[in-house]
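Q: The following block contains the structure, expressed as structure tokens.
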Amino acid sequence: MRKALFIVVALMLTIGLAACGSNKDNNGGNANSGTENTGNASTGGNANAGGNANAGGETVSGQVLAAGSTALQPLVEQVSKKFMEDAKYSGVTVQVQGGGSGTGLTQVQGGQVNIGNSDIFAEEKFVDADADKAKELVDHQVAVVAMAAVVNKSVTVDNLTKQQLVDIFTGKVKNWKEVGGQDEKITIINRPSSSGTRKTFEKYALGTKSEDVAGSIQEDASGTVKKYVTDTPGAIGYLALSYLDDTVKTVKYEGVEPKEENIVTGDYPIWAYEHMYTKGEPDAATKAFLDYMVSDEVQKSDVTELGYIPVGNMKVKRDAAGAIVK
Amino acid sequence: MEQPAVNDQPRVHQRTTRTIAKPHVMEEWVGKVFTTLCVTVLVVTIAAIVYFVASHGLATFITDGVSLSGLLSGLKWDPEGDIPLYGALPFIFGSFSTSLLAAIIAAPLGVCAAVFMTQIMPGLGKRVLQPVIELLAGIPSVVFGFVGLSIVVPFLRSVFPGQGIGIAAGAIVLSFMILPTITTIATDALSNLQRGLKEGSFALGATRWQTIYRIVIPTTLPSLLTGVVLGMSRAFGEALAVQMVIGNAPHIPHSLFESASTLTSVITLDMGNTITGSTHNNALWSLALILLAMTFIFVFIVRFLERRNNR
């Protein structure tokens, strides 16, 4: 009996160690893949794999590892499943991990992953001493996500101006009656200061940084934010459009409703790109996946289905500084 | 485990006469190598974790120029501000107050449950109450957090002023999470108590309650405290459940029902969103280092109590 136990434990350890080892190999392979394409492609192990590396994109093989933003993760996961089922790309394995925008950008910059998912521009994350690091990364914008200010159903206000939002989120206004609502204390449901969602909201809705007001609530997960807004009387928060439903009340911004037709024209300004960054130009397998991501097949079904707006629909464009370019 | 080995003895003897004791050599060798391997893996892993946390955590002070006293005593945490500020006192305060309050709530519950299970109704207690309490240990912390969010927070909101979130909500959720730790250790301590002590007390005419609070509790007090300290250290390190109900505003609250933060909640909220190597990220590792140091202190206290118990 003891022997059997030994064998089981030993086996588990061996498998565990082997998995660690092969993982390292993968990372090594990925790190080099920028320079050595064929090395990555041949891991497919097919008889014709050698011929495929440069063969005009008929079939590609290899491994793609994407990590980062949890807001973008559901989309990338869904698309990666469809991608791997497609016979054309049968040789490619795509793995998707979360971890947050910061992790995604750090890891793609360090070469541990092929794609770094991020809610904000790399230039906004890599600042000061790290500013050069953003230049090595190539941006692939795959979708647009819009946000709206939401309030608890008890709140009678249905429109807020930019100035009113600033006053609320910096703690100057503490009661709904000061912005034309009922007599009730405002409870702010904010995101943590490092959150990409908060940065987007601050940049495009407030135009200034919000304060961590005493008594305010901070949550990172959209589901938790929504639950707090639903349950707390007098609460205000902000959510991506895909999270909106009847349990919370959506507020207009400067009189403009957060709807796709207002967003694509730029009339409603609280939106941001979802980015998939690669370090330098992507290798064949990664490029195939990124191309698939922006193809009509994905943009018209999965992207809209999950509440994002296809990049192609946007009539305006933005650069990293937030300026609108036509 | 020993029993089958004894039964095997005759068979082993027969085999050894034929193969000249070789299996024993192999067994010894395999056992030795395997144990050494496991211990090495364990030690290396622990050392690597400590090194990793320390190297990141100390970088805040060495390369980023944040002062240690500023981190420990600063009241304002604003790493993304125009002038970044790294004052972690609100988090340290939050961690201590939630885990202390959780221990204050859970200790009487756990000890009374243990007394019930060992002294009052051993049959029913061991058969029904113990499995129920131990069941709590297997519930994932996100479930505790969600229950806290759906039941504790609305309840506190309707009874007390404020929004229901805060240290009180965190402490209540934590107290249920650490209850199994405290109860299990207290039950072991009470059932290991020498029978003679109790019987002597009864023989002198003491009632059951007099025996429990004059003899049983004082004799086992160090073990009971060990359980409470272990529970506190678990509460101190718990992240997700607390983060969901405490509110996470980086301020020292004015009441138990106002948004506050703990060391763990700020780490889980911000770690994934920050760039590795940035000052903000390193500052989070410094908080992790504080947590690690606190755990060492808790372990030290437990060791101290155990030594007193053995004396």
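First residue shown is number 1, and so on along the chain.
Including glycine, each Cβ sits where the backbone N, Cα and C put it.
Note: TrEMBL annotation is automatic and uncurated.
TrEMBL feature annotations, pasted as is:
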- B:92-302: domain 'ABC transmembrane type-1' (DOMAIN)
- B:33-54: transmembrane segment (TRANSMEM)
- B:91-116: transmembrane segment (TRANSMEM)
- B:128-153: transmembrane segment (TRANSMEM)
- B:165-190: transmembrane segment (TRANSMEM)
- B:211-232: transmembrane segment (TRANSMEM)
- B:283-305: transmembrane segment (TRANSMEM)
Q: Residues sitting near the transmembrane segment (B:211-232): Cβ under 8 Å, six or more positions beyond its termini, same chain?
A: 99-100, 102-103, 106-107, 110-111, 115, 119, 178-179, 181-186, 188-190, 193, 197-198, 201-202, 298, 301-302, 305-306, 308-309
Q: For the transmembrane segment (B:91-116), I need the partner stretch with the highest count of C-beta pairs below 8 angstroms, choosing only from B:33-54, B:128-153, B:165-190, B:283-305.
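A: Counting Cβ pairs under 8 Å, the winner is B:165-190.
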Q: By Cβ distance under 8 Å, which residues at least 6 away from the ends of the transmembrane segment (B:283-305) in the same chain are close to it?
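A: Distant contacts of the transmembrane segment (B:283-305): 50, 53-54, 56-61, 64, 66, 71-72, 79, 86, 88, 91-92, 95, 222-223, 225-226, 229-230, 232-233, 236-237, 263-264, 266-267, 270-271, 274.
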